[in-house]
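If you check TrEMBL, you get these features:
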- 1-123: domain 'Laminin G' (DOMAIN)
- 125-161: domain 'EGF-like' (DOMAIN)
- 151-160: disulfide bond (DISULFID)
- 167-343: domain 'Laminin G' (DOMAIN)
- 345-381: domain 'EGF-like' (DOMAIN)
- 371-380: disulfide bond (DISULFID)
- 408-582: domain 'Laminin G' (DOMAIN)
- 584-620: domain 'EGF-like' (DOMAIN)
- 610-619: disulfide bond (DISULFID)
- 622-657: domain 'EGF-like' (DOMAIN)
- 626-636: disulfide bond (DISULFID)
- 647-656: disulfide bond (DISULFID)
- 659-695: domain 'EGF-like' (DOMAIN)
- 685-694: disulfide bond (DISULFID)
- 699-734: domain 'EGF-like' (DOMAIN)
């Protein structure tokens, strides 16, 4: 920002153009006027009129300053004058052009300069920050002749290329800690900041003691940071920090209030009266000398701590090379026990945690197992049964806990019900049910089971889906009747689940096809009564297909009697004759569609796509093409996929919609104009002619006056004038 100052008789006046920065590497125009007032002008895009102005009056006028400006300095002044007489306290670095003093141009060659402060012609400038010299670990500040990196923590050095070393605590479950002694007096208002990385949910991070008792303790509990003055007086920063990622945490103690921040998020976590910190207090990081004392705070910390600071003063875990770091003026140098430099992981693969031939990889205090194709799980402990070819053809293999099941759709024809019971080893709570089905039955039983007062029924009633559950200590039960028909030959999917599985009686949710979950009226318990060797009947008097069926996640398969390894199963106790896969009757085999119609199988129903000209369920009816009255001026005669029009006189065309032009076959004489009509025409004659074809003069000729028949012809007068009746052997108008 531009600053202008005037000092006289130890009194100083100054002008400052606030919020108008000129240190952006761009050219700016400025002007200083000394008249009755001192003025500072700046041409800047942020100014309303393009120019900003500040001024103040000169006491006693400008004449009183006639001897004040005997020497002019440009860019800086000698010795300590710069620091003592300028607002910036530094010499100018940059370019000047078109410099004028009292409207006289000052050329660079006219300016005397010294070797200690050279002036160069031109304005050659390096864009220092374009090459990102700060290694993307800090903010580059262009200083014109050089640059400065304002590094983000924990990076250091002129180009932020060095990382302040972290310390690994609890490596291979050792007891680690560091201790320091406070050398100054931070008082009751201070801040503590550090990087933390851990997977252990509990552990001591920091404790400050007055030599006898702890006055401030920071520790992890359930992954959250606790800040305490005693075990009974603590506040909580409720962010999970124990997820293996590195976090920068800042704790600020100000006026009895505690603020905590990480990831640019700052929250007030509560009020805490902290004993003022004074010189001689002891600081322990990561643990305490005596194991019995540290157990109160969750045990020793395990993980990495880095760039630990108290009031921006580092606690140095390891000696650092000064040439690599911009060290603070002071650091706390302490003692460490079992502390490893860097952020190192335990050898988590040392114990061989991966089973069944799995390969272990260390992932910082954790491990991951790359399992063979037929095993899965965190330690490859679970076999992937379906990786082997275990299921018969026409079935699909699905892995389930501790085993597998072979699933297939099944086609039922009338009385082919399936019956299941549990194998007495189902231990899970049965609080859900899923069933896929496809049918055209308007009334059928899909699934039912009953034991004393408990019952379950899923059925089709009048083409709609009925669900009824009565179990637990609820008398009313729950029921559902779908609003839309489902006996349409399409696949439908039904899912049922308890809204609150942990209670004895709850409302139930139903999800039918693509609909959202609907809450059923009433309450019912779970389906655990099915564990009591209760008979579960599927597809009684049902024609159609069933797909996947499971109760509580335990499948009811339609395949033959297969031996599965998993303990929880529903076993077939009786099976009707079914066909694996979903196939309906061959309804098109009899060629029901007539007149070259095409039969489309719609699962136990069919639809005829009729050829052109035919309609009806079986394409049995010829379409009446005359129904739409296509003949405009004629009578319609229907045919197959067509019609014929018997046109009235004077009309032609497929639809008798074209009037015949009678003037094409008749011509008017003597310049008359033909006017077309319907199966007729007329002539519009000139003034001196008349007659149907304008063949007669007008006014009409009269016998004996102006018309005479020759060769003995007889003259007769009529409407159109005289006319001759010729004797045999003669012709012509006369």
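Along the chain as shown, the residues are counted starting at 1.
Including glycine, each Cβ sits where the backbone N, Cα and C put it.
All features noted in TrEMBL, drawn onto the structure.
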residue : record         : Cβ neighbours (10 Å)
151     : disulfide bond : 23
160     : disulfide bond : 21
371     : disulfide bond : 22
610     : disulfide bond : 20
619     : disulfide bond : 22
626     : disulfide bond : 16
636     : disulfide bond : 18
647     : disulfide bond : 19
656     : disulfide bond : 20
694     : disulfide bond : 22
Entries of 636, 685, 694 which, being disulfide-bonded residues, have CA atoms within 10 angstroms of residue 647 (disulfide bond): 636
Packing count at residue 685 (disulfide bond) (other Cβ atoms within 10 Å of its Cβ): 21
Mean of pLDDT values spanning the domain 'EGF-like' (622-657): 91
Neighbouring C-beta atoms (10 Å sphere around the C-beta of residue 380 (disulfide bond)): 22
Candidates 160, 610, 626, 685 (disulfide-bonded residues) - the one closest to residue 380 (disulfide bond) by CA: 160
For the domain 'EGF-like' (659-695), the number of residues DSSP places in helix, strand and coil: 3 helix, 11 strand, 23 coil
Candidate nearest residue 151 (disulfide bond) in space, where candidates are the disulfide-bonded residues 371, 610, 656 and distance is Cα-Cα: 371
Distance [Cα-Cα, Å, rounded] between residue 685 (disulfide bond) and residue 619 (disulfide bond): 61
Nearest recorded site to residue 694 (disulfide bond) by CA-CA distance, among disulfide-bonded residues 160, 371, 626, 636, 656: 656
160, 371, 610, 619, 656 filtered to the disulfide-bonded residues whose C-alpha is within 10 Å of residue 626 (disulfide bond): none
Secondary structure at residue 647 (disulfide bond), reduced by DSSP to three states: strand
Composition by DSSP (helix, strand, coil) of residues within the domain 'EGF-like' (622-657): 0 helix, 15 strand, 21 coil
Helix, strand or coil at residue 160 (disulfide bond) [DSSP, three-state]: coil
Rounded to the nearest Å - Cα separation of residue 160 (disulfide bond) and residue 656 (disulfide bond): 94
Rounded Cα separation (Å) that holds between residue 636 (disulfide bond) and residue 619 (disulfide bond): 23
For residue 380 (disulfide bond): DSSP state (helix, strand, coil): coil
